[in-house]
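Report on the following structure.
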Amino acid sequence: MEYHLVWVLILVLLKTTTDVSGQVVVPSMNPLAVGSNVTLNLVPQSPINIGTWSYETTIIVLFYPNGSSVSTSYQGRVSFNRSSSELSISSLQLNDSGRYTVQGMEPVLCAVVTLSVREPISNVTLRANATDLVELNDTAIFTCSVSSGTSLSYRWLNDSSEVTASDRVRLGGGNSTLTIVSVTRYDEGPFRCEVINGISNGTSQPIGLNVSYGPSNLTMMVVPEMTIGHTAYKTGSDITLSCSAQSKPAESYKWRFNEAFLNEQSPKLSLQNTRQNQTGNYTCVAHNKVTLRYATMTTMIKIVEPISAVSLNRDGKPPILDQSFTLRCEVTGPVDYIHWLMNGQLISLNNRTFFSTGNKTLVINPIQFSDNGEYLCEAFNAVSNLASMTFKLVVNFGPERPAVTSPDIAMTGHIVTFNCSASSQPPSQFSWFFNGSQVATGSEYETGPLTLASHGEYTCVAFNNITGRNSTVSKMLIVVEPVTMTIVIALGSQPILNQTFSLTCETCGTVYSIHWMRNGWPLYANNRTDFSMNNNTLTFNSVQHSDNGDYQCSASNPLSNMTSRNYRLIVNYGPERPVIMSPDIAMTGYIVTFNCLASSQPPSQFSWFFNDSQVAAGSEYETGPLTLASHGEYTCVAFNNITGRNSTVSKMLTVVDPVTMAMVKVNGAQAIADYLFTLTCGTTGTVYSIHWMKNGWPLYANNRTDFSMNNNTLTFNSVQHSDNGDYQCSASNPLSNMTSPEYRLIVNYGPERPVIMSPDIAMTGYIVTFNCSASSQPLSQFSWFFNGSQVATGSVYETGPLTLASHGEYTCVAFNNITGRNSTVSKMLTVVEAIKSVMVKRNKIPISSDNLTLTCDVTGRYDTIYWMKDNLSLVLNNTLNSDITISNNSLHFSPVKVSNDGNYQCVATNLFGPHTSPNYKLLVNYGPLSVNISGPVSVVIGSVITATLKCSADSRPTSEYGWKFNNQSMLGTGPLMAVIASLENAGDYTCVAKNPVTNISMSKTISLDVTGHSPAPPFQSRVGLMLTALLALSLCL
């Protein structure tokens, strides 16, 4: 009965004991295989007089002085070594996995370990849901399984690389399944799974995937490639289109033309003898029969027919003065752009002329008389150009200046004709009114037999149905007796230019006066035209072209007048101003056509002479194929058989050979900056002129560039970098030219402006790199000198670790082996000693209210030191830091306070910048302060077994605690005191808190009152004192 109660009390106390000893349990192996043995060792080893080993909540072994007891369920499987407190367990099973705890009362300790018992792994198997997959469509699911094994960890391998989870790769089922979503061609494996459980491992057989993909990366090539400057192929071209793609299995092909499939299923499509109707979009369609995917690529093939017809037509209303007028160029065949010409000259835009609809329309707004002329449009495409027939533009206008031609007086019984005319294009339409009433239409109005009632005002209204305008003129008719006849008759021979010619007005009736008219207008005498005394004869003293026209004479008396019918005068002349139309120069082998023209009435007859020998008759003469002997003077003789005159004109024809070769050649050595350099243009053929170009632009002489007399030599008096470029010479005569291939001129120069890139200052122990560069063609070679001695070659020089002796001048010499020139640059390097370390040190342990000094310990040369706290510069002029001072490299706290806690750094600076020490964390030790005891002040026996008192104090570091009972010797240590509820334990309990750093102690006393009856068990004398001491130990909370 006595020991039974002791064990109960021991077990109760052990259940509340925590690991306060610092000891741990170390198994001989962990994890472990099923059936294996394990020994649990207490480290460091320590014999336990009273304690237990337990598994989870089950006690395995209970041990006490001079004895131990093993649980029935563990007998035969466990052994306990009392001297080392180790526990051995044999024949482990899976259900032996769990938490093992050793607890001691004497000494007080608690240590725990967790064992894992596992079954070995066997027969690792890998399965896949499918192995034939389609890229991006299918998901691969691998499942890894074992025949036996526990606590399994899985690792997946793709070939030799570990597989990890990602957006497409998922691990599930404790990593036993691998899912690859939307597989790609790079997921083919082989895949394996590796299973591990700490005691064994196994790897599956590999599984590979067959991933079908594509077609992708489809490309198309067209042969031949389009030539530069062209956007189309000529009709009749042979074109081949080729396709290729990445695909597994291999792709098949079809071709579409403008979305319609063609009968071609190979990677190549051949277009033979192409026509314009083959212009369109050609699409290559690649297909994978497994992935069921298609890939397409389309290219536009343009087949252009030559332009076959160009016509020029009016668009809309006819041309009317001061209004807008439009011409439209209609082209048969594809067209790229259109040019417009007026009277053979290219039309340019101005404030009245502009183009629209891709230059197919020419708009003139407003149109003027100056726009009259012959227009044509010329259309161009990639393979041809064609011009329209000329469109003769005549500007419509009027009517303006209307006039009525009629006698002012007529005789009764006669019929009078009124002729109305107006300046108008097209000719006007006319209406006639007599005394306000309309009587006729047309330019001519003929009255009936006149009566005196026919006397009055006759009005002509002219109307232009194109311009929509009208104009009015009136004429007063006096009716009298008529003149009965007038006629114009020529006297003598036909009219010949510059000779005398006469017309006579013959009349019947009494004539008082005769007047002459030309083209309906009155005719008056001038320095070439005379009238006879009675005006019946008109004499041209020297008839001229300007005298051509329709002549009438009008005979009148006060009662009547009559105008003759028109006599058309055409002056015979010429031939004059003969002209030969032909080239001035031609090439051997060609045929030249000469056309002869002369101004003549009637037209001239023509004869041709070459070097004074007649060779042909007629206005046109065509030579045979030309030779150099065809060079000479060709003469045309024009003859007029009416005037009996002839006129001669000659034309010199120059015959030359074509230019067949042009080549730029170099004279002398390579081009070196600032030196003379010469290029020569070599030619073959008849050359009239040579022109030079640089980079495609004409080249002209300047103060550094000269040309020879015939331009065949280009000389740079002082060649410069700016002369670099592609040079060509063009040789020509009036009929042919040839441009040489490009000659690329690269001027060698330098070295110039050498520069050293390096630091100006460096620290000992460091390595400095110098980089030297110079402007040079070709690139320079470099040499390095230190204080006058060569140390390296090449553009980069790297020093060794620097010493103070490395201080000095470093010189780079750049050399050009073509120009033979060199250039030098130097750089001074200053070497200073480096700061090697910066460290904050204290003079003693920081204790509140004591003085403390922090010193900045610097190895190396420095200029200044400053302090930082919590990454901010330390400011001393505030209340918080009023007790801190700085002297030299030390920081003084007088005294140090808890408010000074923080991370301190010192910063040493030199020319290379700041060097910051590691953080020194200042924690000011203090206390203990305000000791306090919590717990009951009274207990009743029987209501509780123990009363727990807890002691606390504000202190840094944490205080050590000791307990006194009724001011007697110490009962124990630690912040907790467990007191058995008995009358003997009533009294004063004192907690003494001591700071082990500050050595300051402070105590607190509490009185515990115990009431009730306390039986005295027979074992009290043996274990009472022991239990009281044990209860003073730290308890599990």
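Using N, Cα and C of the backbone, Cβ positions are placed for all residues, glycine too.
What TrEMBL annotates here:
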DOMAIN    120-210  domain 'Ig-like'
DOMAIN    224-298  domain 'Ig-like'
DOMAIN    306-390  domain 'Ig-like'
DOMAIN    399-474  domain 'Ig-like'
DOMAIN    482-571  domain 'Ig-like'
DOMAIN    575-654  domain 'Ig-like'
DOMAIN    658-746  domain 'Ig-like'
DOMAIN    751-830  domain 'Ig-like'
DOMAIN    849-925  domain 'Ig-like'
DOMAIN    928-1007  domain 'Ig-like'
SIGNAL    1-22  signal peptide
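Under DSSP, residues within the domain 'Ig-like' (482-571) fall into helix, strand and coil as 3 helix, 45 strand, 42 coil. In the predicted model, the domain 'Ig-like' (306-390) has a mean pLDDT of 90. Remark: secondary structure over the domain 'Ig-like' (849-925) totals 3 helix, 41 strand, 33 coil, with classes taken from DSSP. Across the domain 'Ig-like' (928-1007), DSSP helix (H, G, I), strand (E, B) and coil residues number 3 helix, 53 strand, 24 coil. For the domain 'Ig-like' (751-830), residue counts in helix, strand and coil come to 3 helix, 52 strand, 25 coil, using DSSP. Mapped onto DSSP classes, the domain 'Ig-like' (120-210) shows 3 helix, 42 strand, 46 coil.
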